[in-house]
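Undergrad: Attaching a single structure in structure tokens format; questions to follow.
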């Protein structure tokens, strides 16, 4: 590929803006010249060999730049990042410029061979890999230190010189996507391939999982409705429902792995090689030598990090868990007060008052979850993890532990300490429905309303501009740079994780949990689609082969659901009647059944392959061909 770079010219007659770079207002002229020169410089000189064009604003400041790339540059970049594309023989292979003619739909004049999301991902990769050579600092900013190999973009971000980098929307493509995605209410599948082409694999996989999970909930909902209608107070009959619940929670997660493999193979990300992780932008330490790369970079003692984790973060998390339990006990005091009030004043108003403590508690839970999330992010950042993956894993662990206890501790207490199935049913219904309403409002409706107001104000100010610049582009950039930033699928998966808990842990005492989950997810698909297309900036595409650590989180929840449902079955009068003389026999029997079900669950997980047979064969064939090619070399 090195030979191809020499033929690459920075000139491109039809400049297509892909990415926007916004620098801080008042950025020094020498900094602007140096940074833009590094972007357009040839690869041999340490540049990114991209195209840059300043966007003229009303004030005349040149702090916003549009970045693009020539068609040849993007093709060479596709090889650098290891994109996988479909060949003429219908196989999926890593793209190389030298063998470009063997790939389906490739032509020298076909600029749509790479999707816009892939082009923007390539540009982002090249910008992030702009590295300092012999510079000791950012020109014009002596306090912004550099060293050989340091990412220039990351230093500009941490120094506050670079405000943001974001990909531009394609108005025409976005309009088509909106129309096919949520433009009209319909019963059918989402256009996942189109979502992937526009937003990338990470976003498409989330919507694919949301859709799959919604369809998987339908059997639970269909079975739950008759239980609700005909056997509402007959808890004995919920034994069969709980048993079905156990098998359902295992099968859907194993089947999802296969569906995920099918989708990511078709998209090419199942075959993509894992790239070497660079230090995250917030990582800091004493300058040293990385023993793997041999490059200079910050080094931080792992002992210091462990001290921060176990002596500060862990006690803080435990303190938060204690506070959550304290709030839970206040909730039970309120429940007792509402029950006493109802017994003294039996009326319609007192009936309504029975639900008030649960509603208040559900609101408090959501507030506590959001406050704790900010604290967890601060602590995890303070722990100073070197890699983004390590940072994300520690953050997810902190958030999941707190959210699990905060949302489900009261239900466990009611079920296994108070043994009050009626209160369990009421609390589960109230917590589930209230949390769904609050999430829909906070994540979609409120941001959409605020964005709509801001858009009207921006259009008024844009229309008053007197400039020869393409107003449509100026308007688009100014509108998009003020839009909210989408911080990833973390909160979306967390919401589904908690919903899965409500459905799988205790739904045998409230069969309508799956019904409300289905209704919520249908509206969630439309509200999340609206959010992605109208509320937030377009996120950069991120190639991924699966849903990552969330698969493990859901599987852990399904294991816990086996234990809780077995205990609920053991508490039912129907099962208790089988052991009238010895409670110990009952406990041992329930424990035995629980272990057998867990064994069946793990056997099913082992027996059901993660990848379909045809994909296994295709992957094995590619590995064989790679080994044969190495032998010939």
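Placement of Cβ uses the backbone N, Cα and C atoms for every residue, glycine included.
Below are the features I grabbed from TrEMBL:
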type	residues	note
DOMAIN	195-621	domain 'Anoctamin transmembrane'
TRANSMEM	212-232	transmembrane segment
TRANSMEM	238-256	transmembrane segment
TRANSMEM	309-332	transmembrane segment
TRANSMEM	352-372	transmembrane segment
TRANSMEM	395-416	transmembrane segment
TRANSMEM	496-519	transmembrane segment
TRANSMEM	586-608	transmembrane segment
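Give me the lay of the land around each of these features.
TA: Here the transmembrane segment (212-232) has Cβ contacts under 8 Å with residues 238, 241, 244-245, 248, 252, 255-256, 259, 496, 500, 503, 507, 511-515, 517-518, 521-522, 525 of the same chain, all six or more residues outside its ends.
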Undergrad: Which stretch, 309-332, 395-416, 496-519, tops the Cβ pairs under 8 Å count with the transmembrane segment (238-256)?
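TA: It is 496-519, which has the most Cβ pairs under 8 Å.
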Undergrad: Between the transmembrane segment (395-416) and the stretches 309-332, 496-519, 586-608, work out which stretch tops the count of Cβ pairs under 8 Å.
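TA: Looking only at 309-332, 496-519, 586-608, the most contacts with the transmembrane segment (395-416) come from 309-332.
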